[in-house]
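Here's the structure, in structure tokens; my notes come after.
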Amino acid sequence: MPPSTNDIEKQHAAGAHAPPQRSTTRSVLLIITCTFAMLVNSSNNTSVAIALPTIGAALNIQEAQLQWLVSAYSLSSGCLLILFGRLADLHGRKRTFLAGSIWLAAWTLGCGFAQTEIELDVLRGLQGVGVAASIPASLGILAHAFPPGTLRSIAFATFAAGAPLGAFTGMALGAVMTQLSAPTWRSNFFLSTGLTVLYIALGWYAIDDDEPRGDKKTKWSLLRFSRSNSVDEEEDRRVDWLGAFLVTAGLVLVVFVLSDGEVAPGQWATGYIIALLIIGCLFLGVFMAWQHFLEAHQLKHQLGSSEITCIPSLQSSPTHSEPTAPARSRYPPPLIPPALWTRSAYRLTAVMVVALLTWASFLGWNFWTQLYYQQYEGLSPVGGMLRMFPMFVTGIICNIIVVMIVYILGAFLLRA
């Protein structure tokens, strides 16, 4: 008896989502690799923050301009996260992770040889591009490697702990290297380069290989479109490059204005500050409208395609024609589907807003605290680091505990 359509669907789904088999050692190394990537990402900020007064004195950078050494890194990494997340899904998470990490290592090494403020600012921005590629890929790697359950919760808890652990490690080692090593602040970048190369080697071995993209001549065994399903990744692998440009340009301009508004010649009344703020907000508004248009068009296309099923014959026959895929939409799928923000009665949106405000306040506080301890209190880098130590200890503990609580009690109790 030939298999039914439902049987084929179940076999196809099982094959597509079954996690790859690996040894316990490789599973542990995989978690360590992704956590290491998060640790290095976080340490790249705090190791520079603790050395800001020393860098400023060495390169003759004014205090008001020191913030760009931190902002350039966060700006490029934050603005490109969305695009690289999409590229990782399409072209392979391991490929994206390794490529981004190699890029990060190269420009981190370059930072150690920077001779001027402009050089270091540019190199820090290029560092952030590598982080934008490796961090979203890390999340996808963990989600794909471990099915829902205790092991996945442990993996994500460990990965989340990499942020505060990296922040403390970067600040501790950064303070010691800046104060006690001969190259002072440059040692931080040399050490970070070595750590990045280390997790690249681990990732090359431990991370599962990306699934082959498949031969273009392969016949379609089953293809279904319905109102509840988004565009199938195999059916449409295009990237919304226009949306990527709009959101990246908009975020870059807005963040630049927020970073430079106070130090511009006329501060917030400076002409180019006002103009760039308007243009940045306009780009972001057009981006949101464009995403709504793409989502509406995709839904209309899916409904128009109705329920299309193509099941080729198991054996070639002159009486059977080659199955063909349905015509795809004229436009690519949206980079960020607007429906995403309405999930769980807008609770996801609320969580994102809370995360935005939390990080905005923390990073601003962290920047000025470093300057206060060293320039106004007259403390050494190590002395300033010791006063920040309790914050990182509680951060690591809370990251682990909260993720475990979410798994045991459910996220709803934490949001209530």
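Note: Cβ is positioned from N, Cα and C throughout, glycine not excepted.
Keep in mind that TrEMBL annotations are predicted by a computer and have not been checked by a curator.
For 30-416, the entry in TrEMBL reads domain 'Major facilitator superfamily (MFS) profile'. The feature region 'Disordered' is assigned by TrEMBL to 1-21. Summarising the annotation, TrEMBL assigns transmembrane segment to 28-52, 64-84, 96-116, 122-142, 154-177, 189-207, 241-259, 271-290, 348-368, 388-414.
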Query raised in the report: Which stretch, 64-84, 96-116, 241-259, tops the Cβ pairs under 8 Å count with the transmembrane segment (189-207)?
Result: 96-116
Query raised in the report: Roughly where does the domain 'Major facilitator superfamily (MFS) profile' (30-416) sit in mean pLDDT, to the nearest integer?
Result: 80
Report summary line: Lying 6 or more residues past either end of the transmembrane segment (154-177) yet within Cβ distance under 8 Å of it, the residues of that chain are 31, 34-51, 138-139, 142, 145-146, 184-185, 187-188, 191-192, 380-382, 384-385, 388-389, 392-393, 395-396, 398-400, 403-404
Report task. Could you give the residue numbers and ranges of same-chain residues that sit at least 6 residues beyond the transmembrane segment (96-116) on either side and whose C-beta is under 8 angstroms from one of its C-beta atoms? Result -> 37, 40, 44, 59, 84, 87-88, 123-124, 126-127, 129-134, 136-138, 141, 183, 186-190, 192-193, 196-197, 199-200, 203-204, 207
Query raised in the report: Out of 28-52, 64-84, 122-142, 241-259, which stretch touches the transmembrane segment (271-290) the most, going by CB pairs under 8 Å?
Result: 241-259
Query - Range from 28-52, 64-84, 122-142 with most C-beta pairs under 8 A to the transmembrane segment (241-259) - result: 64-84
